[in-house]
Amino acid sequence: MSDDDALDDVSLSLQQRRVLAAASHAQRARHLSPKFHESTDPTLAFFYHPRTLSVLVCLLAGFLYVALFIDPSNDILNTRWGLVALCSVFIVISVVLFRDGPFIRPHPALWRAVLALNVLYEMFLVFLLFQSKQTGRQMMAFFDPVLGVELPERSYGDNCALTVENVKGGIDIFVLAHSLGWFGKALIIRNHTMCWILSITFELLEYSLAHQLPNFNECWWDHWILDVFTCNWLGIYVGMKWCEHFKMKTYTWHGIREIPTIKGKLSRAGAQFTPHSWTVYQWAPTRRFKSFAGFIAFAVLIMLAELNVFYLKSLLWVPPEHPLVIARLALLFLFALPSAREYYEYYSNPRCKRMGAHCWMLITTLLTELLIIVKFGRGEFSEPFPTLVIAFWSLVVSILVGFSIWQFAIAPWLRRHRSSARTGDKKTE
């Protein structure tokens, strides 16, 4: 065999290996996520083609405009524009380079940008973690000059008589916030029973932490009538109705050109902003120990996300109605939507051995917030936990541990012992 023939054989072998590798990768992708690889609507194909050069030109044009026309003598304004430009570049790079997440509507690039925002928020938290408490409060004043001032303490439990006037006085903008919050959590959790468990658990946590956060000191009717059985119930009810609608909906995606009427075309364009498909979350925590532990971990993460915002705004002196607090809540909702889907996939699918990027990033973010609270909270909460609170949560933990030992260790052993005993009796007969 000549050298040229040998080179041809090597080249052919390399080409065959590339073809086989590509085919194997495509088959694996179809096996893992078949619904993410449907053919796109040809009338929307423009939005699914790579536009990296166009995005680069627009980005540089924006930078050029800002660099030439902003006031160079205003250092604070320059710093803010610089941070905006830095975040913009990172988001664009992330949209180009990050992998697709579990959601594809309205466009996978949107959820790559959401992951990029989560990374940016995490980097800000890491930077804040290495600052002093006073510096952290001054950093809030950088975003808004009115911040950086100690907040007045506000308690909702001064007059707890159950009267019409007191109930009306307890109704404010935060009533709507409660309902909207639980509407969003219902879309994230997608399970009626779990929503109610978490709703009641959070009220118990408010009772337990009222000695640290004065705004947790509410009247009993504020906890249970206004919060749980009015605001939370309304948010959970409407949210679960939305989940039932998406569950029962028939998902048939026709191209816009295939729809004859203008009304149908507009309806199809609006449907681009609805889910491509819907997954019902069947948590089943008593099925196996991994499911039980995953259920408890998910509940703890939800409660951590709820409590972190109250502690952060208290320690950093940010009023609850401030846009920074609202932005944090809105961003966390966006972060949690794909994260919960990835968590459920890791929780319920035995073939899934790796947690998704959205979920991993959100867990890291919540734990970093907790570290900031622990660091900045030193010296702030001097009053010890009440004995009743310690006893109550010790009892709760004991019940959970005892149930898990019975359900996943003792009960299976008893069933196996009885089964083997029956088998031995039959053999004796």
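Backbone N, Cα and C define each Cβ position, glycine as well.
Quick look at what TrEMBL lists:
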TRANSMEM  52-69  transmembrane segment
TRANSMEM  81-98  transmembrane segment
TRANSMEM  110-130  transmembrane segment
TRANSMEM  292-312  transmembrane segment
TRANSMEM  324-344  transmembrane segment
TRANSMEM  356-376  transmembrane segment
TRANSMEM  388-414  transmembrane segment
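Beyond the ends of the transmembrane segment (324-344), by six or more residues, the same chain brings 101-103, 111, 114-115, 117-118, 121, 140, 143-144, 147, 181, 184, 187-190, 279, 281, 294, 298, 305, 309, 312-313, 318, 355-359, 361-363, 365 to within a C-beta distance below 8 angstroms of the stretch. The largest share of C-beta pairs under 8 angstroms with the transmembrane segment (81-98) comes from 110-130, of the ranges 52-69, 110-130, 292-312, 388-414. At the 8 Å Cβ threshold, with sequence separation of at least 6, the transmembrane segment (292-312) lacks contact with the transmembrane segment (52-69), having fewer than 3 such pairs.
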